[in-house]
Structures are given as structure tokens and as C-alpha cells.
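Engineer: Before I ask anything, here is the structure I am working with.
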Amino acid sequence: MKLKFTKMHGAGNDFVVLDGYTQPLNLTETQVRALANRHFGVGADQLLVVEKPTVDGVDFRYRIFNCDGGEVEHCGNGARCFVKFVRDSRLTDKRSVRVQVQKGVITLTMQDNGEVVVDMGAPVFEPVQVPFDASGVEARREGNDTLYALEVNGETRWVSVVSMGNPHAVQVVDDVEAFPVLVDGPVIETHPRFPQRVNAGFMQIVGRSEVKLRVYERGAGETLACGTGACAAVAAGIRRGLLDAPVKVHTHGGTLTITWNGESASSLMMAGPAATVFEGEIELAD
């Protein structure tokens, strides 16, 4: 079948975006992998699908598929591209839209300067809700946060566990460029303490309102940016007493700004760019 698509990116985190709102889409995992393949397909970190909502009071349903074909709960950089896509495609003329994701509803707002602000929801730190199996794990308090000891490649890594609708393990490192992200990342991603796997974040503190971040994403590997990862890292840093909002998060793909008041019931707000790269049509095997 022939499929129209739009290639987009948010701070270098790149996506294939599909309109499932005006046409029925029911892609298989094999088809998702084919689209995301950088050699034989379009190429992307994730595939984003716009659909009609299945709950009342929202504008759209937002579905995210990793390049390995698996569906995931949330993607912050994709959310910014999502609102640009639905506006550019004239599916809505609203500047602010409410969007259904797997674990709730988020609000996306297009700014006059072209950046998008995303209400990312409140972070969750309770291990069982991340989910993280904390039974018998060595732990220590730092500020208002709890750090857990993970054995990774023969070393002990102290991580904060956070859910931003998807699971994250965040650690602070001295030099994020020199740190073995590509070695430790896949080990943390598949650590047995995380039953749904996990996104592994590596954060270098530059100043109280500035960090550098690399994220090894669950099912995608290291990406140029990760919006939920940026939020998880900032939330952990604020709880540990290391950061003050707003925080500039520098990734390999660009800079995101994260704001949070430190209250567990309060949403994090993420601001950053969204860009269309090109539109096209691809022949996809049934």
C-alpha cells in the first residue's frame, strides 16, 4: 500500500508522522520497523500517529511507536511535532490542544515564536509505579530524592527512578561526553529491576539552571534528544537539591527548557522547537 507521511524532528529527535485521523491506519510491528529503518525506509527514532480520541473532552489521540515496532506511553519531543503537524495539516486551528496519550491527557500549546510548550504532567517517584523493583536494593536519601544502587558492568551506579508516563533511570555524571553511555545504556535499559525496561539518562550538572543530557532510550538506543528524559532528569535534579527551575537542558540535538515547582502533584512544563523536514509517500508491503 502507498502511505503518505511527514518527516519531522524536535531538537534532532526525528519522527515519521502519520495521519490516522482522516484515514484508517492499522500498522503491524513489521511495517513500523520498515518505516523507521534508516537504510530501507524513511528513517526515524519513533513513528507518531494522529487518531481520533477515544475519550471525551480532548481533541486528538497521540500514539507513539519505537523503531523496534513496540508501542510506548509518551514522547515529549514528539508531542511538540504532533501539535505542529495537526495545525499544519489543518486538522485544527487551535493554538492549544488537549491530547490523549496512553496514561492520561496532555496539553500542547504553540507559541508565537514557533516553539511549543508541553504540559508533561506530574512526575511519579514511587518505585512500584515507575515500575522499578526496589525490594532488597541498597538505597540512600539525597535531598528529597531516593537514589538506588544498580550493578552495571561491575560498577555501582546510583540512579533516581522517575516515571513521566514512561520509566526513566537518571544518574549524575561528571562528564557526559566521556561517560560510556553506549556501554552502560543498554545494560540499564534491560536491567531486570525494570520489568518494562527503562530509558537511561546521564546528566552532567553545568550550573544550578543548566545541564547536559544524553539518553539511551528504551527500544530506540541513544537519540539526539529525549523530552521525557529531560523532564525526568530535571525533576530528579530539583528533588536532589542540585537544580533550580527553569533549567536549560542541552542535548546533542538542541536545547529544551524545563520548568517545575518541585511539588510532586505539579506538572512539568517543557518548551522547545518542532520542525518539518519533508513530506513524502512510500510503498509499504502489506
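Cβ from N, Cα, C; glycine included.
So Swiss-Prot has the following annotated:
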BINDING   Asn13, Gln46, Asn66, Gly76, Asn77, Asn166, Asn199, Glu217, Arg218, Gly227, Thr228  substrate binding site
ACT_SITE  Cys75  active site, proton donor
ACT_SITE  Cys226  active site, proton acceptor
Engineer: Determine which residues of this chain, when Asn13, Gln46, Asn66, Gly76, Asn77, Asn166, Asn199, Glu217, Arg218, Gly227, Thr228 are set aside, have a Cβ within 8 Å of the centroid of the substrate site's Cβ atoms, and list them as they appear in the sequence.
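Structural biologist: So the extra residues in range turn out to be Asp45, Ile64, Val72, His74, Cys75, Gly78, Val215, Ala220, Thr223, Cys226, Gly229.
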Engineer: How many neighbouring Cβ atoms, not counting its own, are there within 10 Å of the Cβ of the residue listed as 'active site, proton acceptor'?
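Structural biologist: Result for the residue listed as 'active site, proton acceptor': 33 other Cβ atoms within 10 Å.
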Engineer: Using C-alpha atoms only, work out the spacing between the residue listed as 'active site, proton acceptor' and the residue listed as 'active site, proton donor' and round it to an integer in Å.
Structural biologist: 7
Engineer: Around Arg218 (substrate binding site), how many other CB atoms lie within 10 A of its CB?
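Structural biologist: Arg218 (substrate binding site) is surrounded by 24 other Cβ atoms within 10 Å.
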Engineer: Are there any residues at least 6 positions away along the chain from Asn199 (substrate binding site) with a Cβ closer than 8 Å to its Cβ? List them or say none.
Structural biologist: Asn166, Pro167, His168, Ala169, Glu189, Val215, Tyr216, Glu217, Arg218, Cys226, Thr228, Gly229, Ala232
Engineer: Of all the Cα pairs drawn from Asn13, Gln46, Asn66, Gly76, Asn77, Asn166, Asn199, Glu217, Arg218, Gly227, Thr228, the residues the record ties to substrate, which distance is largest, in Å?
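Structural biologist: The widest Cα-Cα gap among those binding residues is 17 Å.
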Engineer: Once the DSSP letters are reduced so that anything not helix or strand counts as coil, what is Cys75 (active site, proton donor)?
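Structural biologist: It is coil.
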Engineer: Reduce the DSSP letter at Arg218 (substrate binding site) to three states and note it down.
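Structural biologist: For Arg218 (substrate binding site) - judged by DSSP and reduced to three states - the answer is coil.
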Engineer: Given the binding-site residues Asn13, Asn66, Asn77, Thr228, which one has the fewest other C-beta atoms within 10 angstroms of its C-beta?
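Structural biologist: Fewest other Cβ atoms within 10 Å, among the binding-site residues Asn13, Asn66, Asn77, Thr228, is found for Asn66.
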Engineer: According to DSSP, does Cys226 (active site, proton acceptor) fall in a helix, a strand, or coil?
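Structural biologist: The residue in question, Cys226 (active site, proton acceptor), is coil (DSSP, three-state).
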Engineer: Just the number: how many Å between the Cα atoms of the residue listed as 'active site, proton donor' and Asn13 (substrate binding site)?
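Structural biologist: That comes out at 10 Å between the alpha carbons.
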